[in-house]
Structures are given as structure tokens and as C-alpha cells.
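Chemist: Quick paste from TrEMBL:
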- 30-143: domain 'Plastocyanin-like' (DOMAIN)
- 156-305: domain 'Plastocyanin-like' (DOMAIN)
- 407-539: domain 'Plastocyanin-like' (DOMAIN)
- 1-21: signal peptide (SIGNAL)
Amino acid sequence: MNSWVRILVHVALLFPVLVDSAVRQYTFDVVMKNTTRLCSSKPIVTVNGQFPGPTLYAREDDTVLVKVVNHVNYNLSIHWHGIRQLRTGWADGPAYITQCPIQTGQSYVYNFTITGQRGTLLWHAHILWLRSTVHGAIVIFPKRGVPYPFPKPDDEVVVVLGEWWKSDTEAVINEALKSGLAPNVSDAHTINGHPGPISNCPSQGGFTLPVENGKTYMLRLINAALNEELFFKIAGHELTVVEVDATYVKPFKTDTILIAPGQTTNVLVSADQKSGIYMVAASPFMDSPIAVDNLTATATLHYSGTLANTGTTLTTPPPQNATPIANNFVNSLRSLNSKKYPALVPQTIDHNLFFTVGLGINPCPTCKAGNGSRAVAAMNNVTFVMPTTALLQAHFFNISGVFTTDFPGNPPHVFNYTGTPPSSLQTTNGTKVFRLAYNTTVQLVLQDTSILAPENHPIHLHGFNFFAIGRGLGNYNPKTDPRNFNLVDPVERNTIGVPAGGWVAIRFRADNPGVWFMHCHLEIHTTWGLKMAFLVDNGKGPNQSLLPPPSDYPKC
């Protein structure tokens, strides 16, 4: 059975059995699987032997139990990207932040309840570069009897976008860290695990989406790539955007989606063209002088009854540096902000924070290729050093010496962030968190810098959604820029792109006790240290307090 059809059948079979507030139980066996792409084979780390991994289905308010059993030679943890994890930070998944990883031969049950969320999210490994192949979709249906706030599609399909290296990805990053330089870019992009035919491997098939004339389909798009933002298009078909990061938006039509690593986008596509075969394309967006994998992944949309030898209607991907197309998409996003789904934007703020995000250069005597230096990344000039005890564990059990609470709320060195870089490009190293009292409100401006190169950074905040209230190019101006903030219906997300040479402003309420990672979702930048954490203290009483850790919590 064709893979697209199998996904559709899976959804159809599951839909009727999802009853109210159920407990969903899954087993994720982490195993090696020999896999062939680009006419070459390699063993990859997978869940249940699948690439992409299995889709996790649930309804809003369900409790989910996922037993992850580690059968491979890597320590491993899994993050449920975008799940709020209210009071259950032990199940969030980032290694050495909320848990120590699951060691070879061990298992851990991730136990969490999906509260007040519905839509598309993703799960992925959160250690080393294992998420390149260890990832999959999370599909959360609304409560029973609650309709979508848009016309119900005839069918739904999960579409996972990714990257593929012919080499072992752990070898790729290890070589880069040894040299001090940037890693090799991927060899192809993928759509549901397949690059589609390319010149040096023309026999390789791509994914096929079967459609029937007159029907409407909802595509649940996920960018699971390690390091690249992607454009997504379907030849001859308009896409209606209805949701991002599991929050409803005011629907709008476009022919091109921009989706960064860690982001999700639900679109409606109507099979309203003449019968035929239409190209589906995923291609990179990079508007800085930084190397990317420039291959376009292709799949096909097939109308039923179309002959197999029918020619494919092609589409031209946007130019790699198509900033206007990217901006047009981002600026079109608005929260639905309906009576049922209001945009609860904090109107007053307790913490007004300003974080620079960017690169740096630190000494590295052993980095011969880097002439004694290595590329690093930092927030507010702090390159985060991963601890060997999980931060959440250290916080809960009052273990001293693991982290400090002096992460700076403003840049320690003020300079022309998007202009001429400072004379010293060095950063400081530290395991620092920023402490927040329960239920306080935060405004955070994320400012890109031009050190080494300005670059678009997709920043992901664990444990919260936030509202993207403003963005701009150049240096943020605290006097004039807030006049243009949207405090009525800004888009609500968990991952936001800081524009190259620009800034974004977000707001959120710290209503989730625990330790919550915030990092760039370009994996190389996370590896280089572009990360920090917020420590949110308990509030009053048990309902505002972190639950104790489960009995099978992994040992360090």
C-alpha cells in the first residue's frame, strides 16, 4: 500500500476510537535500521524502524503515556515539541535540561496530559544530532463534538519535511566540532522521508499524495530538518493557512509556505484543478551568505484516474534568498482571536528582557582547521555549557553547583548589533538560567547580530506558547518600535524566526513551574551554545507547583 494511502487509512481507523479524555499508550522502540536514500545505504537511528517515525494521535485533554525503550548505543531522550507540559517538566525531554538521557538498554515512560491544545506538533530526539532521523508527528484532534473553526476537510495527511546526509550525522557534527568550523550541509531535503528523483539518483521515487477531484485535504506540515528553513509549494494549487504551531490563525491564501525547523503549519488544499500530476516542492530559504543544501525535495499530488505516464505539472521554487516571500508569509499570520479561541496577550509586563542571538569566535588550541579558533553561538554573549546533572533535577532537589541564576536580562556589552561588529568576538561560557516568579509576564526582544554573519534564527521556547507582537529590521528601538506592536491578534507560536539582521518581540505568561529550555532550532547553533533556560518557581498550592519526578526517571 502506498505510504500516503496508509497514513490516510491510519487516520480514518483512529478517528472513531478517540473517545473523550482517554489515556493513549504508545511504545517507542529506538532501534537501528539500514536505510537507502540517494542510491546509498547507511544504518540510522529510528523509532520502531520507521523514518519518519510513527505519528502520535490524541485528543485535547487526553493523557499520553509513551514508553521509550533504548536499544541503540547512543544515550537518548525525546522531546514533545510544543506540548505545554503543565507541571510535568519531567516529561519535556531535552537531555540534561529536564532529564538525564535514557541509557542503552533502559526505558522511560513519558507521561503528560494535553491541556487546552489541539492541532499539529512534533516529537523528536533532543540530544546530539539524533533528531535528524528520530522524529515524527503529533496530531491532536479537538475534543469530541468540537468542530474545526474552518470547513472540515475530506481528508488529512501528515507531511514531514526533513534533511538527509549520506554520512552518519554524528560523524558530521563531531568532525565539525573537532575542526572548529561549520559542518557539512545535508545532501538532500526530504518529504515524508523521500527526496524524490535527483540527477545523480534518478531512479529514486518520491512521495505521492492521491487526491480526488472536488475534495479538500488538510496537510499537516512539519519542518523536522536540522538546520534549514524551507519553502513549500504545490504546482497550480493555492494553500489556505489555518493553523501554525497548534494554534488557529485567521485563514489566508498563499502559494508558498515558509516553515522553520520546529514549526508546524496546517493548510487546506482543494483538488480543484484539471486531473493530472502536480509537483510538490520543499526548498531552502537562506538570505545570508551561509552555505545550505540547495537541492529541492519533490513529491507529487496525483488526481485519481490520472494515467501513470501523464507528464507532471512543475512549479518553480522561490529563490533561496527570497526575503520578500518569507516576510509576506510571516506578516500574514494573525491569531484567530475568536470568542472560543481568544488571543490572551499579556497587556502589562513584569519583565522587559532583551537578548542578543548570534555567533562568536572563541580560542581552541586543538582546532587546526580553524587556525586555533572555533565558531560558537550565544545569547547575550553567554555560550551555554551543558551540565552533567539535569537542571530540573538540580532545581527540584536543591543540588548546588549545577547552574547559576544570573543569566543577563540585557546584553552585557552594548554595540551596534546589526552594524560593525565589536573588536572582540569572544563569548563567555556558563550554565546560567533566568529566574521568573510564577505567573509573571515577560516581554522578550530577540535581536540578531552581524557577528560573523547575520542569520535567521528560529528560536524555540519549551513549556509555553508566546505571542509574536512585533518584528523589524536593524536594531530594536525601545522608544519607537513598541508603538507598532500588535497586542490584539498577534500570532501565537512556540518557535519564531528572528529575521537576519533584525529582531522579534514576544510576550508570554510564566504560568508553568519548572525549568524551560529556550534555544535556536538550527541544530548547529544549539550545539555551538545558542541556548539558555528559564527557571519558573512554584506558585501557591499544589496546582501551581511542579509535580515530583516519576519513579523511572533516568539516572545520570
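Backbone N, Cα and C atoms are what each Cβ position is placed from, and that goes for glycine too.
These numbers come from a predicted model, not from an experiment.
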Chemist: When the pLDDT values for the domain 'Plastocyanin-like' (156-305) are averaged, what is the result?
Modeler: 97
Chemist: For the domain 'Plastocyanin-like' (30-143), jot down how many residues DSSP puts in helix, in strand and in coil.
Modeler: 6 helix, 58 strand, 50 coil
Chemist: Take the domain 'Plastocyanin-like' (156-305) and count its residues per DSSP category (helix H/G/I, strand E/B, coil), listing them in that order.
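Modeler: Secondary-structure composition of the domain 'Plastocyanin-like' (156-305): 11 helix, 74 strand, 65 coil.
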Chemist: By DSSP, how many residues in the domain 'Plastocyanin-like' (407-539) are helix, how many strand, and how many coil?
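Modeler: Looking at the domain 'Plastocyanin-like' (407-539) with DSSP, the answer is 10 helix, 57 strand, 66 coil.
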